[in-house]
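**Student:** Before we start, here is the structure in question, set down as structure tokens.
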Amino acid sequence: MKILVLNGPNLNLLGQREPEIYGAATLADIEAECVKTGREISVEVQFLQSNHEGALVDAIQDAVGRFDGIVLNAGAYTHSSIALRDAISATALPVLELHLSNTHARETFRHRSMIAGVCIGVIAGFGAAGYPLALRALAGHLRPGT
Ligand code: DQA
């Protein structure tokens, strides 16, 4: 089984970006944790980050036939991008929406997700630990009854 962990804008700055909100772990730390979790649950994990909306749309489209599902932290595009929502709808791939912070406990503009309605579920508020959680949840969804 192969899962793509796709990260959106500004997540390349993790570790130095508002650490009181997003924590001290860098994206490289998170990637290493995901690879470790992947080994434990027999999932091949691939990581991708882009600050560009179109590149994220491309990544979702390109995942078809190459991945079984996507863990997506779309960053701020979560709250604005109909293009990302449409890309998710256009693929038959299960997508799990992920956020480090609890977006519902923050500014009101973060309460609305354009993508949640086309995702299989949402994990938010557990910081970097949300990534391995999301991988386990998505793998469980892809392997029901195991
Ligand atoms: C985020 C939450 C978004 O509102 C924000 O724009 C981000 C990060 C998170 O992981 O908590 O860039 O997706």
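Even glycines carry a Cβ here, placed using N, Cα and C.
Unlike curated entries, TrEMBL annotations are predicted automatically.
Positions annotated as site 'Transition state stabilizer' by TrEMBL: Arg17. Marked as active site, proton acceptor by TrEMBL: Tyr22. The substrate binding site feature in TrEMBL is assigned to Asn73, His79, Asp86, Leu100, Ser101, Arg110. According to TrEMBL, the active site, proton donor annotation covers His99. The transmembrane segment feature in TrEMBL is assigned to 114-134.
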**Student:** Counting across all protein chains present, how many other Cβ atoms fall within 10 Å of the Cβ of Asp86 (substrate binding site)?
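**Tutor:** Excluding its own Cβ, Asp86 (substrate binding site) sees 14 Cβ atoms within 10 Å.
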**Student:** Where does Leu100 (substrate binding site) sit by DSSP, helix, strand or coil?
**Tutor:** coil
**Student:** Counting other Cβ atoms within 10 Å of each residue's Cβ, which of the recorded positions Arg17, His79, His99, Arg110 comes out lowest?
**Tutor:** Arg17
**Student:** Indicate whether Arg17 (site 'Transition state stabilizer') is helix, strand or coil by DSSP.
**Tutor:** coil
**Student:** If you count other Cβ atoms within 10 Å of each one's Cβ, which of the binding-site residues Asn73, Ser101 has the most?
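**Tutor:** Neighbour-count leader: Asn73.
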**Student:** So if I draw a 10 Å sphere around the Cβ of Leu100 (substrate binding site), how many other Cβ atoms end up inside it?
**Tutor:** 23
